[in-house]
Amino acid sequence: MKQRKIIHIDCDCFYAAIEMRDDPSLANRPLAVGGSADRRGVIATCNYEARAYGVRSAMSSRHALKLCPDLLIVKPRFEVYRSVSREIHGIFRQFTDLIEPLSLDEAYLDVSDSPHFAGSATRIAQEIRRRVAQELHITVSAGVAPNKFLAKIASDWRKPNGLFVITPDQVDEFVTALPVSKLHGVGKVTADKLTRLGIRTCLDLRDWNKLALVREFGSFGERLWRLAHGIDEREVKVDSRRQSLSVEHTYDQDLPDLQSCLEKLPALLEEMNGRLQRLDASYRPDKPFVKVKFHDFTQTTLEQAGASRDLDSYRQLLASAHARGDKPVRLLGVGVRLHDLRGRQEQLELFA
């Protein structure tokens with residue numbers, strides 16, 4: 001099988017970086033982009049000065065200000081961010097047409113057949129980083145690896161403004177030392193369960209056969225086994241278009257009843273609406289839906305055509321979904337189906 005060359009590009013605190021670029025007086029101080037604290041706003045992103053205080057994306061603005069009283073929160077300018085992402089996308093297309101956007105500030109590139117720099121993925125990543133910095137005056141981090149799973153981990157390895165390369169002959173050594181918490185799809189709850197089983201690294205995970213992992217984790221067990229062996233055959237999807245947008249959260253302690261679930265709704269909806277604003281204009285929000293996973297891992301999803309996307313509609317959906325199991329809940333999700341105005345035959349031009 002032909003060896004692939006995948007690059008994962010991730011802009012460094014993208015929204016905040018653009019705000020600091022356009023207004024240098026904002027630099028060198030704790031800065032966040034997000035909603036107002038007195039309106040239950042949520043942090044979309046923040047700079048590294050703010051992160052030093054523990055401020056993080058998806059955190060409520062009110063909590064962020066408690067952690068960092070000097071934090072300046074500015075309103076997002078999504079049209080500006082979309083414009084910059086289009087320019088970055090244009091730089092990508094100088095090297096390959098195989099581009100899978102993940103968000104306004106993140107994308108996979110398959111440069112396996114790119115003739116640039118004699119086919120060197122490392123040199124291509126270096127040039128992309130140089131051009132973004134020179135032309136747009138922001139920084140991006142890049143990861144280069146034989147597959148998407150490793151390229152994404154690599155891009156985070158030397159953030160901010162870094163480049164990390166995992167060559168094919170380095171994959172095995174790199175993966176065996178990798179903490180399982182770094183694996184895609186492993187959140188806090190799954191990581192805690194793995195730790196209880198004595199699994200802290202991918203080397204530990206390799207001691208388990210595929211069947212045993214499936215017994216413990218269901219279908220995700222097979223995915224864990226493959227990732228622990230550095231295997232990820234997912235292709236870079238050029239025509240990847242969203243069918244829906246959702247936000248979900250797994251809780252450290254099960255939510256005992258419907259009322260405790262309803263209390264979690266406003267924060268979930270705030271985060272979902274923030275993500276909706278980041279979509280490009282070729283999508284139109286459609287049917288709202290909720291997802292409920294009960295403590296015994298059974299789950300249900302409920303959607304309603306024609307319903308609005310306000311709090312009351314989601315409360316009604318959640319109440320109906322919860323009644324299907326009427327058990328303690330470990331995960332809640334809210335989302336909306338998306339209508340693709342552009343059509344599936346058209347190539348993506350913006351980061352979605």
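Going from the start of the chain as shown, residues are counted 1 onward.
Keep in mind that glycine also has a Cβ here, set from the backbone N, Cα and C atoms.
What you are looking at is a predicted structure, and each value in this text was computed from that prediction instead of being measured.
Marked as active site by Swiss-Prot on the basis of sequence analysis: E106. The Mg(2+) binding site annotation in Swiss-Prot covers D10, D105 and rests on sequence analysis. The feature domain 'UmuC' is assigned by Swiss-Prot to 6-187, with sequence analysis given as support. Sequence annotations record features per position, and here Swiss-Prot assigns site 'Substrate discrimination' to Y15.
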Helix, strand or coil at D105 (Mg(2+) binding site) [DSSP, three-state]: coil
Those recorded positions listed as D10, D105, E106, and which of them has the most Cβ atoms within 10 Å of its own Cβ: D105
All-chain count of other Cβ atoms within 10 Å of Y15 (site 'Substrate discrimination'): 27
